[in-house]
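Each remark here refers to the structure printed beneath this line.
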Amino acid sequence: MIRKMSKNVVVIGTQWGDEGKGKIVDWLAESVQGVVRFQGGHNAGHTLWINGKKTILRLIPSGIMHDGVTCFIGNGVVLSPEALLREIEELEAAGLDVRSRLQVSEICTLILPYHVAVDKAREARKGEGKIGTTGRGIGPAYEDKVARRALRVQDLFNPALFDEKLAEVLDYHNFVLTQYLGAEPVSANEVRDQAMALAPALAPMVRDVSSNLFVLQQEGKNLLFEGAQGALLDVDHGTYPFVTSSNCVAGAASAGAGVGPQALQYVLGITKAYTTRVGSGPFPTELVDEIGTRLATIGKEFGSVTGRPRRCGWFDGAALKRSVRLNGISGLCITKLDVLDGLETIQLGVGYRVNGEFRDVLPYGAHAVAQAQAVLEELPGWTESTVGITEYSKLPVNARRYLERVAEVCGVPIDLVSTGPDRNETIVLRHPFKG
């Protein structure tokens, strides 16, 4: 039974990822004692700008930038030991204390070399029909988890069990690689030797994360649950099959961190003031003209992990409405408002025409979304700069009107507005922890 009152917040991307979650988690981390990753892997990067210096985190929660904050990698994450240790070394080289403040769930599924081999071979075989995976083994690792053949972090410390499980799973994957995908097999000895070499460095950070989070809640500590990707990439609720391999909605924080759902009191939905998407998949409000190019250029829309250019389009309020419902969004944070500065007019998606009928929420499935024609509403733009503004009243009148219309279309209040990449370039209307 929880003895003291804590407040816990889930931060969720409401679009197709890349909404600016890293900056907001970093900013909110000043109000918490723990930050938790609960799904995904090292396929998505969170970009932070601290005092003008760029930092990209792929696995480690963004709270690591704050002294006194403990960071947790929950059981819902698929973990590449090699990628994690490399990221730790990069942060330590920058002067951060990481290992004493990072805990890794002992029951995380491992990403191993054969997952990467399968991922890359599949994409190569699909050619133009590819989904656009990052090729880091995320999907195949989740497949092993669901098929109950995965190796987990705790297996690294039982070599005999590791060998037994590896032989079984590699027999399966090598058959797929050689007989179906036409690729080279993966050596069991190489996989084992690499994993065993990395295990000692990982061992001091391995914990029962679920139990430790429960203790923090009993002590009244505030926790922040950091989502990766975005709700429209959710394996169930996204534009399937152009989705990621995990559940990235707010409800996944409970299962992916091992906490009860009653512990999640507030859900902050992060959304850009426009819309972007990486890779393949339908995108109703996409702009393939000079305005789309302008948004990409000013917004620096390139993937933080892959470097791939992002497709850009107008804000899609009907897609966001789907995310609001899926996640139980308490309040929105609008990021990159400044990218819209200087546009004479701005379009805002309010729904779709599907087979001649108006729909005010994103349909399910890629085929249905591909047939949806965006219904756009035109609003006046603004010429004044919004960069670095920290008071809502100082925003241009038309910028405020735009934000108010976004909130109206989506049916949820705006609590935060980001006007630049630095953590201090933030307008606070209601603080998720203090409001």
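Placement of Cβ uses the backbone N, Cα and C atoms for every residue, glycine included.
Lifted from Swiss-Prot, the feature list:
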ACT_SITE  Asp18  active site, proton acceptor
ACT_SITE  His46  active site, proton donor
BINDING   17-23, 45-47, Arg310, 336-338, 418-420  GTP binding site
BINDING   Asp18, Glu19, Gly20, Lys21, Asn43, Ala44, Gly45, His46, Thr134, Arg148, Gln229, Thr244, Arg308  IMP binding site
BINDING   Asp18, Gly45  Mg(2+) binding site
BINDING   Ser304, Val305, Thr306, Gly307, Arg308, Pro309, Arg310  substrate binding site
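Sequence-distant contacts of Arg308 (IMP binding site), defined as residues of its own chain at least six apart whose C-beta falls under 8 angstroms from its C-beta, comprise Val278, Gly279, Phe302. Of all the recorded positions given, namely Asn43, His46, Thr134, those whose Cα is no farther than the 10 Å limit from the Cα of Gly20 (GTP binding site) are His46. In this entry, IMP is bound by Asp18, Glu19, Gly20, Lys21, Asn43, Ala44, Gly45, His46, Thr134, Arg148, Gln229, Thr244, Arg308, whose most widely separated C-alpha atoms sit 34 angstrom apart. A Cα-Cα distance of 8 Å separates Lys23 (GTP binding site) from the residue listed as 'active site, proton donor'. Put simply, Asp18 is the one of the recorded positions Asp18, Thr134, Pro309, Arg310, Leu337 whose Cα lies nearest to the Cα of His46 (active site, proton donor). Using a 10 angstroms CA-CA radius around Gln229 (IMP binding site), the recorded positions that qualify from Gly17, Asp18, Thr419 are Gly17, Asp18.
Between the CA atoms of Gly17 (GTP binding site) and Gly307 (substrate binding site) there is a gap of 14 Å, rounded to the nearest whole number. Local packing around the binding-site residues Gly17, Gly20, Gly45, Gly307 was summarised as the count of other Cβ atoms within 10 Å of each Cβ; on this measure the leading residue is Gly17.
Here Arg310 (substrate binding site) is compared against the recorded positions Asp18, Asn43, Thr134, Leu337, Thr419, and the shortest C-alpha distance is to Asp18. Counting every protein chain shown, the number of other Cβ atoms lying within 10 Å of the Cβ of Leu337 (GTP binding site) is 22. A distance of 17 Å separates the Cα atom of Thr47 (GTP binding site) from that of Thr134 (IMP binding site).
For Thr47 (GTP binding site), other Cβ atoms within 10 Å of its Cβ number 20. Ranking the recorded positions Asp18, Asn43, Gly307, Pro309 by Cα distance from Leu337 (GTP binding site) puts Asp18 first.
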